[in-house]
Structure formats: structure tokens, C-alpha cells
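Read the structure below first, then the notes.
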Amino acid sequence: MTSLSSQPAYTLVFDPSPSMETYSSTDFQKALEKGSDEQKIDTMKSILVTMLEGNPMPELLMHIIRFVMPSKNKELKKLLYFYWEIVPKLAEDGKLRHEMILVCNAIQHDLQHPNEYIRGNTLRFLTKLREAELLEQMVPSVLACLEYRHAYVRKYAILAVFSIFKVSEHLLPDAKEIINSFIVAETDPICKRNAFIGLAELDRENALHYLENNIADIENLDPLLQAVFVQFIRQDANRTPALKAQYIELLMELLSTTTSDEVIFETALALTVLSANPNVLVPAVNKLIDLAVKVSDNNIKLIVLDRIQDINANNVGALEELTLDILRVLNAEDLDVRSKALDISMDLATSRNAEDVVQLLKKELQTTVNNPDQDKAMQYRQLLIKTIRTVAVNFVEMAASVVSLLLDFIGDLNSVAASGIIAFIKEVIEKYPQLRANILENMVQTLDKVRSAKAYRGALWIMGEYAEGESEIQHCWKHIRNSVGEVPILQSEIKKLTQNQEHTEENEVDATAKPTGPVILPDGTYATESAFDVKTSQKSVTDEERDSRPPIRRFVLSGDFYTAAILANTIIKLVLKFENVSKNKTVINALKAEALLILVSIVRVGQSSLVEKKIDEDSLERVMTSISILLDEVNPEEKKEEVKLLEVAFLDTTKSSFKRQIEIAKKNKHKRALKDSCKNIEPIDTPISFRQFAGVDSTNVQKDSIEEDLQLAMKGDAIHATSSSSISKLKKIVPLCGFSDPVYAEACITNNQFDVVLDVLLVNQTKETLKNLHVQFATLGDLKIIDTPQKTNVIPHGFHKFTVTVKVSSADTGVIFGNIIYDGAHGEDARYVILNDVHVDIMDYIKPATADDEHFRTMWNAFEWENKISVKSQLPTLHAYLRELVKGTNMGILTPSESLGEDDCRFLSCNLYAKSSFGEDALANLCIEKDSKTNDVIGYVRIRSKGQGLALSLGDRVALIAKKTNKLALTHV
């Protein structure tokens, strides 16, 4: 018998009977006996699905031989050969089943059939057979098919020769000579390709000889043959390094002449595997770039770009000259393709080409302004801005021009993109102090166009921290004064509203004159009206008037007093700085007086009903604190120590904190770059390959990265599995019912990426045969039962095994439940055994992920489902709870460790992020503190996701943490 690994594997792509109806072998036998060809086709499909689900049904073989095999229906014959592929051909003792003799006669008859498609289909079936006893009788017919007139037959005949030799060499001892003679005489390119595949694996010398004979005309060969030549060269070059130089030269020639996209892709990848020389890599990658630009399929573009990214990661610095060529891919409309191309170009960018990259991206940025598809253009614009920011931060010579470029677009951007530009300006000013004055001036000039309050708050912070000289402070102050508008704000707005109302009354002609007079209240008194009680004032303000207001005035009247609090801090910073750089008391006093007027005006309008939302307590406290500081400054008895303390709090602390944050980010970036570079550093004890000794040491063979990727794609993580995997399976065995039940059941649960597999074992614990025993499963949540177990009979104390696959479509909490059903004795009603519920662990589908602050906030605002969980835990520290939360939810911490505080801190707040295997995003915000009375950890965890299920599932995991950590203490008995 052949080994298990050599057996073919099958995947059920589509179930033609989704009604979940189950049929017994008797039902199938009756359908085959009496049905027409069309009914037999449906029956055969059901039989194939049932067999692929794990029920071999060997008792059907004779019925299929009798009632299906004689049919002339082409579709039925095609299904019949599918059945021959999967039917058990050996008996329990390992010998060939007697019925297969009849099958062999039918197969031999089809191998001599006058219809070439039946012959070809039969030969293709033979390539999947692994039983030497069956194949032995087919050899003469297969050899006869090698000379058939139709190429469709010959292409499968040569593959059948190859596969028969692989199963058993003694069946075709001269297979190498047969294939070699066939390929020399053959004219059809597909037949040649199939023959060369077999020759390359069985007879390397003859394959190399055939390649040498066709080298001169390789550019004129069929692309199919060129592709297998490239595959042979890539594999043989690793085995025989002496020929590598000649192979590379041949591949370079083929790459420059071929027009087939498939051959270009394979040849370019083969060159990158065989050589790390930039003279070889650059032309190869250039061809890949041309391919990515030319093809229309976005999936192919992404595959090609992924390969280019891998090549650059393995050969750092070799592809720098292709930076601008990569950006040609930006002509694609797909945002993912553009993002991938920009990422690669940033990896390739250097100080030599940074200016050209920025110029090209600037042109792309300008094209987004007039794009009719505004949503897509806005996303692409944000992507371009993010890339340009990266260039400017990395290369100082581009920073100044990039800042002015981005500031030109800041008025057209949404809040996220605009605030991103301001954050970038903060970083540039801190990193490159020589650009401070120029950047500050440009920023102040463009702030009138800013529509985002968040971006404007960042700009206010920059003005307060980096305005140094007297002229700079006055320039910033002038902008603030103009941005506030006419003060006092309350009186000027009331005046404007009154004028608008009078103008409206003059132009309106009321059809029915209504008496006007004072309003009399129910208690008989006259009503009075104050500016603080105006409710309808906002109705008199049009959208045009609201948009025409200067920025700070617009934010204040719309109820954004957080910006007003930032403005108050900025004003204090500017006043303190101006006192240090100027001795002009008149100007200083004028600044303080104007500052007091602005801040008091903001407080008064914030307490009125003119604003859309009244001022909150926190903002009011911060503004009033600033007013108190300004009033204290007027006091001549103020001590120098108090002034010094004030300057430290406002001028030194925040700036030094931001500087430290930049340094930490720089260190982390350096660590990541060092970690990435270490992947390509070879250890000092790596063996050196000498061509002269290649024949002596055959074990020193270079790894083929393409073959490794292929194995990883086919086997997944199984290629890394160790012998301990069988032991770890014991942990996944779950009892489905108890030992006292008439049928004992247990399941080994295996979680794959998109499904859960239950290997179920049933044990008949009675002394009777259980007839028509079957298991019914059902699910709760986003789970779907793919396989339906068939009915079976289980002898006394007998065993029955079957496999059930459950499709998982999301990371929601899922439950699998069911029962065992079997017939009662002597015609009694069916009996049931209720099974325990199986809970699908969602943690197997959730992995930690990373995201920048900008992306996190965007998702947080977009996601509509929120689950807020109260936290009360007896863990000793806040950091201990955070560790338990990360362990229990598989989420990654986004907040830098420096911002989390010490282990004994009394307050902790951080953001967490994870992605599921299905592409779902899960966001979390943790806000906890130490209760001063009970010393417990208290607070909240807020979880957001696009769907409700994931938020609830993670909420259950958070609640489970509290149950595990809160232990009841036994105080007395």
C-alpha cells in the first residue's frame, strides 16, 4: 500500500444538495436501479458528496458497476470517473477488491474508445491512481495512446506514463527512454511541456541535453515550454552551482525577448532567487514593474508588488534606482494597489531621489483636486499626504518645500488629514530647528483656511511653543486677534442679530397685522428677556454667515470650548514669552489687556444661549485659571519664584515632553530597522559554497524561496508542526456526553483559519446493535454545519468515527449543540442522547494588530457598535489588570509604554487593537484607577467594532477576567 502522504486530497467546493437531506445506502441503491440518466446524475452527485464527507459506502460499488457504468451519457461517465477516484479500491486485508476487475475492463475499453475526449479523461484519471495492481493492466493501452493522432490524448498519455513510473518503477522500467523519444518526435507544445516536466524529474541529464538543443531558439518557443524551462533552470541551478552563471545569462536573454506575461513573471522571480547582483535584480524587477503597470487585474498587481517588496527586503539597497518606476503603478484606480506601491517607494527612497519623488507625488496630489469621485479622491489624497510627510521627516532637505505644499491643501482636507499635517509640522519643527521661523510664518498665513478644530488646536500649540522672537510673537498674536473677531463677542453678535432682524422686518409685509406689546406671564407680571436667554438667535444665522466667521469665533459659537481652553493656554505662553524677550511695558500691558478681554468675552458668550452648546466646567476652569494668571501678573507683589514656576509649567514642561516623545519614536524606529536588517544578515558560521566541492558536499544546497512559499501555501503551518502536536491534541478532546449514557461520545476539536473540525468518536456501551444511529448537529452564531453525518449501525461495544466540519464566518461567539438518535428495540420510538454544548473559542481567530493614532481614531468614530463593560478587580496593580486584559482578549497595546506610567500608578488609560482572521477590526479603550477606599481596580473597558457580535464576544472575555481574578476570601467558619 502507498503511504498516506501520497494519496490524493480532495476539497468539496460546492454541495449540490444544500437542503441537508441525508440518504442511506439503500436509498442510493434504489435510485440507481430505477432512475433515468438525469436522475442518476443527481444521485451520483449526492453519492460523491457523501463519500467526500467521510462515508465511503463500499456497498454501492456493485450497483454503480451494474447500473451506471453501461450508460453512454457523457456527464454520467464524467461523474463515474470521479467516483473511481475516491472509491476504496482495496479490501480490509489490503488486497484489491474483486469488483475492481470489472472496473479495469471498463477503463481499458475507454482507453481504446474512438472519442478522443473519453480517452483523454480516462488517461487523466490514471494519473491519480496509486494502486500498482490496477495500473499494471493499463500499461499497454497507455503506450498505444502515445501515438494517437489527437494531441488531447497524447498530452494526458505522457503524464500517465510519468505517474505510473512514480507509483511503481517496475511497471515501466524504460519510462525515461519513452519520454525522451516522445519529446524529440512531438510537435504539439502542450505535449512537449508535459513530457519535459516528467523528463526533468526522472532524467536530469536528458532534460539538460534537450534544453541545450533548444537554447538557440528559446525565444521562439511556445510560452508553455518556456515556463517549464525556467522552472527546471531555477531548480537545477541550486543543485549544480557550476552552471548558475550560464543559467542566469540564459534567463536574462529570455527575459528581454519573451512577450508572455507568465514567462516574464516566472523568469524575473527565478533571476531574483539565483542572484543578488544589482545588475541582475534591476532588469528583473523592472520587468515586474512593467507587468504590474500593464495588467488590468488588481489581484495580479498586488501579487507582483508583494514579490517586489520581498525582493527589496532580501536585497536592501539594490533597487534604489527603481523608486520612480514603482510610482508608475499609481495609474491604477484601486486604493490598495496604490498604497502598496507607495509603501515600496518609501522603502526605496534616498536623499538622491527624494526631490523627484516629492515632485511626482505633488502632481498626483493636484490631480485629486478635480476628481469627480470625491470619496475615492479624498482617500487617495490622504494616502499621498501621509507618504509625502514620511519623505519630509526622513530627508531634511525636503522638509521646507513639503510643508508649504501641504499647507496649500489644508483647507480642502477633512479633520483627520488636516490634523495629520499639523502633527507633521510639529515633528519637523522639533527635528529641524533651522526651519522653525519659515515654517511658523507659512503656517500662520494659512490658518484662516483651516476648517478642522482639531487641526487648529494643534496649530495653536505650535504657536505657543515655537514662537520665539518679538516679531514672531506679535505675528501670531495678530492672527489670534483677527481670528477671534470683534470683541466683546456677546455684544457684537447680539448687535448683528438685531440688525438682521430689523432688516428682515422692514422687508416683510405681514398680511394680518398682529398687535405687539410686552408678554404677560401667567402670574400677571411682564416677561423680560436677556442676552443669556436668547433661544432663537441661531435660527437667524445662515450657513454662509457661519462659514464666513473667522476660525476661533466660529469654533466658540459652535460650542467647541476645548479649542477655547487651548487658546487660553496659548495666550499665556505668548504673554510669558513676550515678557522675556521685550522690555516694552506699554506693549506688554496692551497684550495682557487684550488677552483679558478675549478670555472674558469667551466666558461670557459661553454662558449665554448664543452658542450651540454652553461652556463645560473643565474648559471654564482652564479659561478662568488663565484669567487669574493674567490678573496676578498685574500684581507688583508677585514673587520671582512664582513667576519662575509659572514659566516652567507653561514654557518648559510640555515642550520637553514632546521632545522626549520624538526621541522615543526615533529609538523605536531604529530598533525596527535594525530588526529588519538582521533578517538579511548571515551568521558568521554560515557555510561557504565552493563550486569545486559541490559534488563532494551535496547537502549544501541553496534554499529555493519560491518552493518554500509553495509548500507554505499548500500545507500552511503544518510544515512547522512538531512531534508534540499529537500530544497537544489531548488538550482539545471534549466529552460530548457521560459514561453512564448508552452511547459515549467525545470530540477532538481542531480550529483552522476558517473552519472548526470535530473528530467525533462514538462508543456503543450497550449489548445490543444500535440501528440507524446518527448525530444531528446545530449551531448558534455565525457557524454553519458543512458535513452531515450518515446513518450507521454500531455493533455491541463497537466504535464509530466520523468528521464534522463547521464553517466559521466571523469571530462572534459560536455554540455547537446536538444529539445522538438511534432506533429503539422491537419497533419502539427513536431514542435520543443529548450532547453537551461545544463553545467555539473566538480567541483562535483574533490576533494582536497595530495601527497609528490617526487610523485608530478614524475607525473609532466610524464604528457604531460599542460595548461598555464595568471593571472591578482585586488585582494588586493597574498594570497587572492590563496584562490580564491583553492575555484574555489577544489585543495589542497601541499606547506607548512610556505613557502608561509606573507599576504603582493610580490611574491608567490606553488603547488596544486587534484583527480577526476574517478582517474584522476590534478597538478597545481601557480607563481604570485605584479605588482609594477598597484598593480595588475600578473603571471601564469600551469595545467598538463594526458588527455587534465581535463587540459582545470580547465583552464576554473581559467579564471572564473579573470572574477569574476576583477570589472570595474565607474569613471565618
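For all residues, glycine too, the Cβ spot is worked out from N, Cα and C.
The candidates are Ser540, Ser548; Swiss-Prot tags Ser540 with the feature phosphoserine. Checked against Swiss-Prot, the residues Ser181, Ser275, Ser345, Ser626 yield a single entry marked phosphoserine: Ser181.
Note on the repeat 'HEAT 1' (98-133): its mean pLDDT in the predicted model is 89.
Its own atom aside, the Cβ of Ser181 (phosphoserine) has 13 Cβ atoms within 10 angstroms in the protein chains shown. Secondary structure of the repeat 'HEAT 1' (98-133), assigned with DSSP and counted as helix (H, G, I), strand (E, B) and coil, comes to 25 helix, 0 strand, 11 coil.
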